[in-house]
Amino acid sequence: MSSQTERTFIAVKPDGVQRGLVSQILSRFEKRGYKLVAIKLVQADDKLLEQHYAEHVGKPFFPKMASFMKSGPILATVWEGKDVVKQGRSILGATNPLASAPGTIRGDFGVDLGRNVCHGSDSVESAEREINLWFKKEDLISWESNQAKWLYE
Ligand code: IDP
C-alpha cells in the first residue's frame, strides 16, 4: 500500500447528523486534500455497535453510549490519503470536546464526552477493521483524483 492510499473510517454520530453538521465535517476532510472513497447513512444496531466498540462493551457507560448511537442515523465514510488515520484524529480533536482545541471538529462543535459529534479510527489496523465492519468491499470506490498532482509532490 502506498502512503497515499492509507484509509481511515470517519463517522458523523447521530448528534452531528441531527445538528446539520454533516457538510461542514465532510468539507474539512475535502479541503485538507483527502479523497472520499465510501459514504452512506447507517441506522446502527446493537450487533454493529458491540463489534465497533468491542473494547468498551461491559464498561459502565456502554449502554447509554449504545442507545445514543442508535438514536438516529450515522454517516459512515472512508477517506484516503497520506497519513489520513493520524491526521483524521487531529481534525476530529480530543475524545472529550472540552479538551479539544478550537479549530478541531469537537473543539468547535461539542461540549460533552457523550455527544462528541464524530468518530475516527485510532490506528491503521483499527481503520481496516472498522471499514470492513461498516462497509462491503464493493462500497469502496477506487478512483483517481485530478487534484493528486497538486496535493502530492
Ligand atoms: P474515541 O472516540 O476518541 O476513539 P474512545 O475512548 O474509543 O474514544 O471512546 C469511544 C466513545 O465512547 C467516545 O467517543 C465517547 O463518545 C464515548 N465515551 C468514552 N468514554 C466515555 C465515558 O467515560 N462516558 C461516556 N462516554 C464515553
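Glycine too: its Cβ is placed from the backbone N, Cα and C atoms.
Those TrEMBL annotations? Automatic predictions, nothing curated.
As recorded in TrEMBL, the features of this protein are as follows:
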- 5-142: domain 'Nucleoside diphosphate kinase-like' (DOMAIN)
- Lys13, Phe61, Arg89, Thr95, Arg106, Asn116: ATP binding site (BINDING)
- His119: active site, pros-phosphohistidine intermediate (ACT_SITE)
Practice problem: Would you find the one among the binding-site residues Thr95, Asn116 whose Cβ has the most company, meaning other Cβ atoms within 10 Å? | Solution: Asn116
Exercise. Filter the candidate list Arg89, Thr95, Arg106, Asn116, His119 of recorded positions, keeping only entries whose CB is under 6 Å from an atom of ligand 1.
Key: Thr95, Asn116, His119
Quiz prompt | Same chain, 6+ residues apart, C-beta under 8 Å of the C-beta of Lys13 (ATP binding site), given in sequence order | solution = Phe68, Met69, Ile74, Arg115, Asn116, Val117, Cys118, His119
Self-check item: C-beta crowding around Arg106 (ATP binding site), within 10 angstroms
Solution: 24
Quiz item: Near the Cβ of Phe61 (ATP binding site), how many other Cβ atoms are there if near means within 10 Å?
Solution: 11
Quiz item: Does Arg89 (ATP binding site) have same-chain partners at least 6 apart in sequence with Cβ under 8 Å from its own Cβ, and which are they?
Solution: Gly120, Ser121, Asp122
Exercise. Measure the Cβ-based neighbour count of His119 (active site, pros-phosphohistidine intermediate), defined as the other Cβ atoms within 10 Å of its Cβ.
Key: 21
Quiz item: Using DSSP, would you call His119 (active site, pros-phosphohistidine intermediate) helix, strand or coil?
Solution: strand
Self-check item: Secondary structure content, the domain 'Nucleoside diphosphate kinase-like' (5-142) (per DSSP, counts of residues)
Solution: 69 helix, 26 strand, 43 coil
